[in-house]
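Encoded as structure tokens, the structure appears first; notes follow it.
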Amino acid sequence: MNSPAQRTGAASEGRRAPVLATRALSKDYGPVRVLSGVSLEFHAGEIHALLGENGAGKSTLIKMLAGVTAPSEGEILVDGAARRLRSVRDGQSHGIVALPQELSLVPTLGAAENIFLGLRRPGSRLLVDRRALDRDATALLERLGQRIPLDVPAGELSAVQQTMIALARALARDARVLILDEPTAALTEREAEQLFAVLRTLREAGTAIVYVSHRLEEVFALADTATVLLGGRHVWTRPAAQTSADDAVAAMIGRPPGQIYPQRETGEPALQRAGGPAALEVRDLRGHTLAGVSLQVPPGRVLGIGGLAGSGRSELLALIAGAQRPRGGAVLLGGQDITARRLAGRMRAGIVLVPEERRSQGLVMTHSVQDNIALANLGRFSRLGIASRSRERAAALRRAESLRIRATSIRQPVEELSGGNQQKVVLAKYLERSPRVLLLDEPTRGIDVGTKAEIYQLVRRLAAEGVAVLVVSSEIPELLGVADEIAVLHEGRLAGLVPAATATEESVLHLCYRKSA
Amino acid sequence: MMSSTAPAQAPSTEATRSRATIPARLASYGTLLGLVALIILFSVLRPQVFLTPLNFTNILEQIAILAIVTAVQTVVMVVGDFDLSVGALASLVGVITAQLLVAGTDPAAAVAAGLLTGLLAGAVNGALVSYLNLSAFIATLATMTSFTGLALLLSNGSTVFGLPDSFVWLGQGRLGPVPVPVVIALALVLLIWFVLSKTVLGRAWYAVGGNAEAARLSGVNVRLVRFSAFLVSGTGAALAGIVLTARLASGHPTAADALMLSSIAAVFLGITLSRAGQPTIGGTAVGLGIMGVLSNGLNIMQVNSYVQQVLTGLIIVLAVSLSRLSRRRR
């Protein structure tokens, strides 16, 4: 492997001509400019990370590099010559291959078939020469140091094996520039390491790699060069060795980091809500995974819920909200047993669940911001069954303002918004219920740093108003940063309850695996 | 969807003007332009016959019964389901109502019995889909088959004649210059429009059709909402069957069967006008207009009815694929 000094030297001095470059590249969608005058260079044998919040323009940029969409202004240069990339196929003919976030493999076909899909296969035009196909596929996989059984359908292979097939597919297309969009999103840590090793090999072989990821640690472990985009503009490009994750975060959000997690105010809960503040109590609650959990959350308290995937975290929230029927146990709100009530009844009582998957559970994607916010409030915004558009609009405008939802109007379909703004719409919809107990399931998954900080502040503000909040999160720093107390679940049972002030990432992790801290 | 009917009101924090460009707008209104083009085409080809108030009334009269079925089919399709049994049910209700009338039942009571039959049949469909979780396609295909069997069984496969004039007025009478079926269809379309766009129930129908899980987690009783859509389609199908029986002055066990496919086609034509890909009553009206104008115009042009059928199929494919293309470009 090259030493960092050599690599960064090559990149910064720019002695070699870049394989791929952009010159004042811009992209407009309607009147909205999503990318503005970005000039970048991508060199052979270099891993170049693109960093930025959701909506910073990363996706738009790589789409244009791959030939998916055309620039509105500016140029793309391949080997120094301006090229118009009219399609993905066009991009590939110049050796530019993008691996989308969702790998587009055919799950029922084997590795070899997937690798050569859409290419002229070895053998005659009409008949498939299986042996030649398998031989060539094996050779490509070997270049990646992989052995993947060729007779197993891709859908049954592991996530990292599928990624490798997609990479082999890129090699089969003679990729000189490889564009990766969040390639580790579906991988475990160990699998990610495997992928990084392969990417380093490809870099040594002279491939230029454009790498998009939200995970800053891995970016800085891997990349030679980092570029930060903010609001469609180029902030800076630096050798990775001469910058840090903190610098990058500061540039991505346009202000210094450190203030992501809010200050905790302590004081009397001042809930001005129907029914006033109320404590949530859960007694011996049981479900499919949950095997008897008891908890109490007083008004104004934020309880973080940690645990491994499958420990029953999400089920606990679903059972409290009434989204799932319990196998036993009781849910009490302000001392009153509400176990018999279903989801709608518990919402009326003030218990509100913000579900984990915003696209499949939180939103009607084709409907507008206003309609989505109204959906959880239809009964409240109506008289004698007739919906009041003006009250819906007023509520949606108020929430869009206070949560700073970025949309062209509250009439815009939510499918056109960025992930962070979609999440804000889900929050708006449920906050409009003025909850006494707020259940948040992975409220910041897949959204940018800036929006995360806003959501944390919101949680603390609601707690200060006297709402009891339960937050499920896979990110332990998030639990430590936002919660007062952390309950850790292990195989459906409470493994421990620790104050956030004294807990550490390590001690919570130990509880997750149920080792004594 | 509803949101496309009103212009953007007060913008939120990051205000910009509406984003749709003019060509994109035109493409999304392609089906409407198609209707206008058809009207212009027939007006130019046969101005003396086509472009007359009398012919306009004719068209409305010809599509009135289809409009009743299509209005309720719209509701079921808003919820994301289909009702394949509407035609067979309309025929069955026609036979039952005709037999009650022939047996001397008071017309009002016979009509009420017919509507009640439709409501019950809708409840069966709704229960199968909503509470037994059968796919709407399978459930209503099965009930369609059984309804047709029942109609043939009850009528012995023959036409029931001898209906009283007071009943026949429902299908052949006029209120002033307007045929009674047109009045009934207009009233129903307006009612469905009101429910779809102004009421909580309509909003729930749209939400369930857009994302049933999100609706459930928002506190909507999804099963009841889907069930209610089938109640509407059953009752509407019965109404269509009654009006058709009055118009024909006889009950025939398969008279209304063809309404089912035409109603689904009309709703699909209407969906091409919707940004959210869900049916609207306005879109459905345009779809109905295309089917009505096309069949009337081709009749005036004396085009063979078999050729007409081929053309209708082609036009549906054309309209739906054009709107797909314009959607893909976004």
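Residue numbering: from 1, along the chain as shown.
Glycine is no exception: its Cβ is also placed from the backbone N, Cα and C atoms.
Lifted from TrEMBL, the feature list:
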type	residues	note
TRANSMEM	B:26-47	transmembrane segment
TRANSMEM	B:59-79	transmembrane segment
TRANSMEM	B:86-103	transmembrane segment
TRANSMEM	B:109-129	transmembrane segment
TRANSMEM	B:136-155	transmembrane segment
TRANSMEM	B:175-196	transmembrane segment
TRANSMEM	B:224-249	transmembrane segment
TRANSMEM	B:255-273	transmembrane segment
TRANSMEM	B:280-300	transmembrane segment
TRANSMEM	B:306-325	transmembrane segment
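Listed by sequence, the residues of this chain that lie at least six past the ends of the transmembrane segment (B:109-129) yet keep a Cβ under 8 A from its Cβ atoms are 81, 83, 85, 89, 92-94, 96-97, 100-101, 135-136, 139-140, 142-143, 147, 167, 170, 226-239, 241-242. The transmembrane segment (B:280-300) and the transmembrane segment (B:59-79) are in contact, since at least 3 Cβ pairs between them lie under 8 Å (pairs 6 or more apart in sequence). Ranked by the number of CB pairs under 8 Å to the transmembrane segment (B:86-103), the listed stretches B:26-47, B:59-79, B:224-249, B:255-273 are led by B:224-249. The list of residues near the transmembrane segment (B:59-79) in space but at least 6 beyond its ends in sequence, with Cβ under 8 angstroms from a Cβ of it, reads 86-87, 90, 136, 179, 181-182, 184-185, 188-189, 192, 195-196, 205-206, 208-209, 225-226, 229-230, 232-233, 235-237, 239-240, 243-244, 247, 256, 259-260, 262-264, 266-267, 270-271, 278-281, 284, 287-289, 291-293, 295-296. Beyond its flanks by at least six residues, the transmembrane segment (B:175-196) meets 2, 57, 60-61, 63-65, 67-68, 71-72, 74-75, 78, 169, 202, 205-206, 232, 236, 239, 243, 247, 280-282, 285 of its own chain at Cβ-Cβ distances under 8 Å.
Among residues of the same chain six or more beyond the transmembrane segment (B:306-325), those with a C-beta under 8 A of the stretch's C-beta atoms are 27-28, 30-31, 34, 265, 268-269, 271-273, 290-291, 294-295, 298-299.
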